[in-house]
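Data first, discussion second: the structure below is written as structure tokens.
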Amino acid sequence: MEEDKTFQSIRISENNNNNNNNNNNNNNNNNNNLNNNNDNDYDYDSINNIEEKFENVSKELEGQSIKFREIDGGKNNNNHDIELGERKPENEEDFKLRQYFEDSQRQKMLINHKPKKMGVSIKNLTVVGQGADNSVIVDNSTPFKALGKLLNPFNYFKKDKNKINTFNILNDINAFIEDGKMLLVLGRPGAGCSTLLRVIANQRESYISVDGDVTYGNIAASDWSKYRGETLYTGEEDIHHPTLTVRETLDFTLKLKTPGNRLPEESKRNFRTKIYELLVSMYGLVNQGDTMVGNEFVRGLSGGERKRITITEAMVSGSSITCWDCSTRGLDAASAYDYAKSLRIMSDTLDKTTIASFYQASDSIYNLFDKVIVLDKGRCIYFGPIGLAKQYFLDLGFDCEPRKSTPDFLTGITNPQERIVKVGFEGRVPETSVDLEDAWKKSQLFQSMKHAQLEYEKQVEQQKPSVDFKEQVLNEKSRTTSKNSEYSSSFYAQTIALTQRQLSLTWGDKFTLTSRFLTILVLSFIFGGIYFQQPLTTDGLFTRGGAIFTSIIFNCILTQGELHGALSGRRILQKHKSYALYRPSAYFVSQILIDIPFILVQVFLHSFIVYFMYGFEYRADKFFIFCFTLVGVSLSSASLFRGFANFTPSLFTAQNLMNFVFIFEVNYFGYSQTPDKMHSWFKWTYYINPLAYAFKSLMINEFKGLDFSCLDSAIPFDHFNNSTYSDMSHRICAVPGSIEGSLSVKGENYLWDALQINSDHRALNVVVIFLFWLFYIGLNLFAVEYFDWTSGGYTHKVYKRGKAPKLNDVEEERNQNQIVKKATDNMKDTLKMRGGLFSWKSISYTVPVAGTNKLLLDDIMGWIKPGQMTALMGSSGAGKTTLLDVLAKRKTMGTVTGESLLNGKQLEIDFERITGYVEQMDVHNPGLTVREALRFSAKLRQEPWVPLKDKYQYVEHVLEMMEMKHLGDALIGTLETGVGISVEERKRLTIGVELVAKPQILFLDEPTSGLDAQSSYNIIKFIRKLADAGMPLVCTIHQPSSVLFEHFDRILLLARGGKTVYFGDIGDKSKTLTSYFERHGVRPCTESENPAEYILEATGAGIHGKTDVNWPEAWKQSSEYQNVVNELDLLRTKEELGKYILDSDLQVDGKQAPPREFANGFLTQFIEVYKRLNIIYYRDVFYTMGSFAQSAVSGLVIGFTFYDLKNSSSDQQQRIFMSWEAMILGVLLIYLVLPMFFIQKEYFKRDTASKYYSWHAFSLSMIAVEIPYVVLSSTLFFIATYWTSGIDSTASANFYYWLMHTMFSVYIVSFAQALGAACVNIAISIAALPIVLFYLFLLCGVQIPPPAMSSFYQDWLYHLNPAKYFLEGLITTVLKPIEVLCTDVDLIKFTAPSGTDCQTYSAPFLQQATGYVVPLSNTTNECGYCIYSSGSDYFETSLGWDYGHRWRNFGIIVAYWGSSILAVLFFVYLTQKPRR
């Protein structure tokens, strides 16, 4: 009974407290419509359109019905919802939104629509993760250590050899939330908030174990997996296709989530249109419908607008339970509140259960929720009504600062540096997370909530909401969707929608399409020119095969870009899979459907050019079979390469696997090595190679039915006396398939004798190619359905060996708290700043848009002085980041006008180096640890005369002050892989990297974005101490609490269009600031109100904010503006400057040091960058060990393919092809090096913007760091290939072969880097790469001998090809010592006339030809001709190569390497600045 009374009192207290917690907030929005400016994410001219659309949607659906709301008239005289508590009155847009949802719900009930009312109950939930001490940074030594453990017999007797240390991410959590209610999850980063939301959303794959019960209504978690998509987890990252527009993004989701039981006579299209217009109006995206979403690399929506798209997409998905994880990141305070209100309205009207974690939630947002749970290091320290949470902790002995919001107070309890203990409670309040959890579990409130949870579960068992829920889920499915399907739409509908989206993505990427088709045109004409009009003679037999080989390989290589495309789309695919939008297999099918038309076009374009230029037979059936076969090659190759991406976790793993398979495809193609020469151990790959079947098919297609003349080349011959061999019956064509006495060779005979190709199997071979395609499709469908290589945003930390901290250990927690406290107390002693006075006047910025200039900043002026902290505010899209970019000299596009001065002088070349810029995007090199990143910044940006020991000591101080001491040896990693530090920790690292440079001025762009309230408070407090130490700062901030806002001295407030609303002092308790707005007719700001929210509301910020005042114009007419103008003029005088910069200018020996662009000289830069790159490469096992494995494996494959070559003439041809294929290693390295270069180039652009190091230091370091890895790769390839193939093993030949091959590999790698430096992105470089590769391979003299080339190619392109000199050196070295001894199979057999012997008959012939003739029998006149007598015969007669040119050729390759180094330097210099 006592518990029942307590429970009842909780409910009453909850409602009353909701009504009284923030009494002074009632009037916060009373004047929402008083003022108007342009500070929104859309034009104010569209407000009337938005209202009209709302009105149209509402009227059409409601039919002027009366709005119904539950009002508690007894206890609340203010007519506010009981469940909402005391909160701001709804404005007009909120009212219309609520009205729309209520009326649509009412009409749906008329058609038997069942509500999906599903609450959530969590009992004894414990989530276990892997301990950090098990997670050691992987490097190149890791495989060897693992192999050592495997080979160590003693390891097999250890009892705990497989033991994994674990820790509890969540510990014994109990909570519940009813349907239609909202639960707020609060906690610092690392508290387990995201894990709790993921587990509620039934995403459990990332954890070792999940114990306890989570029930959805009366459905257990194990059964809830059938309803994937009914619980949604929306993370803080915005993951979208950047090239799709807002309309395309949302319409795609609507297509797949349109319910089957719509209102009568409402079509799918009408439903989608209404919902789309409602949501874009609701989130202020009406005018952005045709704007690309964009990302950090593609221009599109602003950060705030992109966040709204993420929110809108999740809302469209129609889940009954939605988990929002910090979804307000990047939104200003007004927009965040508007978003939270929309959640409240949908929870009320649609019975949605909403569970959300918020960073920096205001009281206005807090009061929208029903319950709150507070977590600390995975332990629940409070769960219950929002109205009782604050009092609970006050009763424990904690105190709350004035104007501090309740959410900030609650999460501040978990931070020893933040919380305040009441007088008299010292030593009595709980200290650690364990203490706080114990206090909670011993409280009466805990028992009451436990009782309330039991009552809720009983109610659920009685009402059985699952019955209506399951019925409605079935009703929402389309008619063609299986009842057992997790999806709302059928597989067919999914495929159609995905195909339309894929078409938009493919067709929208005009740049890549243009690059691809340009490559096809260029190379097709080059191929046609090289193999132009092949003669119908035996001289054209081999080159015809070369032309076919080239076309097949070309169409195969063209599709290799699909690997990168499949990898880049993974995260979007997995997000949509969790939303239950579509099956991954439907996504893959859509890619295939779009592949077909584009591949048809590219194949027919290529075929139309080359087929007729090759001089192939002019027959329509043969032409179309040629095209059809190449279509099969392209389709099967595209699916194969996508398969490598779908079956592997990373780019470099997929690339290595693709290269490995590609080696087999080329070697066992049937061209460079005929089937009869293949060894049994690898010959089976010939039969599973689709390219081999394509080669056979096209060879049959071309050769069948043709006769090839050998009139001029039949042996024996005498070019000086034609009558010598006038008897044609004793002559024969010198090719396989020939018959003595016939001066032509049938194509069918040649195919069988030379290549073992049955000319009757053309159709069969084509069918096999397409069967391979279907097989690859099946493999991919399996992979995309059952493999998920993304982390889903969950991050797992890895550390240097032995450096991992103890997790959730009480003693370790106390130690960390002491370290942070000590560092904070000593901060002033640690920080010694040398600030400057920075001013700007009449700053305007325009960018070219669609042929006109768009003004983004308009006449901005202001200053920052030493010791002052200036806030830069405005709604999303007002131009805050743009202004910071301009002030920090980061803009490389557009036109900037106006004047910026540092200490009264024009900005010097060192400005970017001596200023710190904390950018909004957290860009860090993932291969470094936190400490290494900070030390790198300190070493290269602090002054060179500062001792290294002092720089490192300062780094340690910053680590302590930023609360990152325990993360110093943690790998930064990436969010995509899930290995590394979290989003919040990356933000702190971004700030730390700038602080360790000891800048004179600090620009900070959203330093608290993505941080919790306590971390934000710590950051701002830390920045305040920097200002107090003499550093001038300007900081953009979106959602400052009143406590944070009080740390600033001045504010620059911007309106939409980059116009100034106010610049000046904030004043004590913000009186100076608020009085300015009050003088212009805005209501007074109350004592309990957040001034930051007040000014945003006054200026019409937020999604639907309005104002009647033209604030930019009001500013220009104010006395404050004139004061700013006068002050700027005053700051130019020496007298005024002397007040601020007495010690700020650097002096050396009494003289002012000249400004330096970089702090250190070139040699120091090169050494430090090279050392950093070595660390990164050493830790990138997939890249380095992958390249080693690839070199060894490809070498073994080639070596055993050409195993133990003898001295026959056919084996000489095999030696040539073996040397030709030695270039393959270079090609494989290109495909590995290009992605790595682009990755490092992106980090270089970020570093060079802050003047860490120069472009030539980066270029030369990138070249140098690759050299040892390339040398080792080449050596492994040489060892695996050289002796297995039976090449001359003399020391000189060995050394030359290794040296030449290594030098060529080094050159190829630097050439790949030059290509990467020249191209804007990797897609362009991949598109351009085939031109380079085919130039190297086709015009080197092997596939088509120089005499067979046209003069255009032979006279200059052939001689410019570095591969020509490489192969001349290798082949002449390999063939020079060989004495050719033909086998019986290699001999070309003919008979001498009666009365003569073989030697006599062939004597005139041998005087003009290479080789020798031997009698085959003592009793007959049968002779055998061996085409070569020595290895020199081939390269001297056919190629015109000279053994004496070996070292000349080596020198030429070195020269090519030098030219590629110059190319890298040149192109890096041209592209060093990012486009922004």
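All residue numbers here begin at 1 and follow the chain in the order shown.
Just so it is clear, glycine is given a Cβ too, placed from its N, Cα and C backbone atoms.
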Between the candidate ranges 623-643, 644-664, 686-706, where does Swiss-Prot place the transmembrane segment annotation?
623-643
For the coiled coil (14-67), what is the mean per-residue pLDDT, to the nearest integer?
38
Please indicate, using numbers and ranges, the residues of the same chain that are 6 or more beyond the transmembrane segment (592-612) and have a C-beta under 8 Å from a C-beta there.
495, 499, 502-503, 506, 516-517, 520-521, 524-525, 527-528, 531, 547, 551, 554-555, 558-559, 618, 623, 626-627, 630-631, 634-635, 638-639, 777
Any chance you could find the range in 517-537, 623-643, 764-784, 1182-1202, 1260-1280 with the most Cβ pairs under 8 Å to the transmembrane segment (1322-1342)?
517-537
Whether the transmembrane segment (1182-1202) meets the transmembrane segment (1260-1280): three or more C-beta pairs under 8 angstroms:
yes
Who are the chain neighbours of the transmembrane segment (1219-1239) in space, where the CB to CB distance is under 8 Å and they lie at least 6 residues beyond its ends?
560, 564, 651-652, 655-656, 658-659, 662-663, 666-667, 672, 1180, 1183, 1186-1187, 1190-1191, 1194-1195, 1198, 1262, 1266, 1270, 1273-1274, 1277, 1281, 1301, 1304-1305, 1308-1309, 1311-1313, 1315-1317, 1321-1322, 1325-1326, 1329, 1333, 1336-1337, 1340, 1342-1343, 1363, 1366-1367, 1370-1371, 1374
